[in-house]
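Novice: Input: one structure, supplied below.
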Amino acid sequence: MAEKRNIFLVGPMGAGKSTIGRHLAQQLHMEFIDSDTVIEERTGADIAWVFDVEGEEGFRKREEAVINDLTEQQGIVLATGGGSVISKENRNRLSARGIVVYLETTIEKQLARTNRDKKRPLLQTDCPREVLEQLAEDRNPLYEEIADITVRTDDQSAKVVANQIVKMLEEHIM
């Protein structure tokens, strides 16, 4: 790939966006950025704190500003937050400014990958499965709407998924 286009990873929490993104960036010799990490750096607090103090709406405003800034860069692999696609502005920017890769996974895999993670405000509930099912119902069509490439991440290592994405990117660009 001569041209270093942006690659934006979307998908639900626990799909592997950050882990796969790091492998992908390394393979493609691109910079890896996690939008949630940038939000935390700019805020000086973790995502859970932002949710507690500003609510989801306050967090989404911050996320929209960060995604706008990051998608204007060139040659990056960006792992977005699971809810970033809620914003039509974000969906438009992601679609227009790079190749969108949707990382699909099952609710079971999400539960297994997130069950000990206390940094996921939406899962701090007695019924995380119900939350994930509702999020999937609401968000999966939005991921599909903007995806240029879709990859299932369930039973493969992050490195294998990254390899698959590289092959698909080569086919997509040609």
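Using the three backbone atoms N, Cα and C, a Cβ is placed for every residue, glycine included.
Residues annotated as ATP binding site in Swiss-Prot: Gly14, Ala15, Gly16, Lys17, Ser18, Thr19, Arg120, Gln156. Here Swiss-Prot flags Ser18 as Mg(2+) binding site, drawing on sequence analysis. Feature annotation from Swiss-Prot assigns substrate binding site to Asp36, Arg60, Gly82, Arg139; the stated evidence is sequence analysis.
Distances, neighbours, how buried they are, the whole picture for these features please.
Specialist: Gln156 (ATP binding site) falls outside any helix or strand according to DSSP and counts as coil. For Gln156 (ATP binding site), other Cβ atoms within 10 Å of its Cβ number 15.
Sequence-distant neighbours of Ser18 (ATP binding site) (same chain, six or more apart, CB under 8 Å from its CB) are Asp34, Ala79, listed in sequence order.
Using a 10 Å radius centred on the Cβ of Asp36 (substrate binding site) and all shown protein chains, the other Cβ atoms total 22. Under DSSP, Asp36 (substrate binding site) is assigned to a helix (H, G or I) in the three-state scheme.
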Novice: Cα-Cα separation of Arg60 (substrate binding site) and Lys17 (ATP binding site), in Å?
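Specialist: Computed Cα spacing between Arg60 (substrate binding site) and Lys17 (ATP binding site) is 18 Å.
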Novice: Would you list the other residues of this chain near substrate - those whose C-beta lies within 8 angstroms of the C-beta centroid of Asp36, Arg60, Gly82, Arg139 - in sequence order?
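Specialist: Filtered neighbour residues, in order: Met13, Glu63, Thr80, Gly81, Gly83, Ser84, Val85, Ile86.
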Novice: Give the sequence-ordered list of residues that share a chain with Arg139 (substrate binding site), lie 6 or more positions from it, and have CB atoms under 8 Å from its CB.
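Specialist: In sequence order, the residues whose Cβ lies under 8 Å from that of Arg139 (substrate binding site) (at least 6 apart) are Pro12, Gly82, Gly83, Val85, Ile86.
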Novice: How long is the line from the C-alpha of Thr19 (ATP binding site) to the C-alpha of Asp36 (substrate binding site), rounded to the nearest angstrom?
Specialist: 13
Novice: Other than its own, how many Cβ atoms are within 10 Å of the Cβ belonging to Gly16 (ATP binding site)?
Specialist: 25
Novice: What's the most sparsely packed of the binding-site residues Lys17, Arg60, counting other C-beta atoms within 10 A?
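Specialist: Lowest Cβ count within 10 Å among the binding-site residues (Lys17, Arg60) is Arg60.
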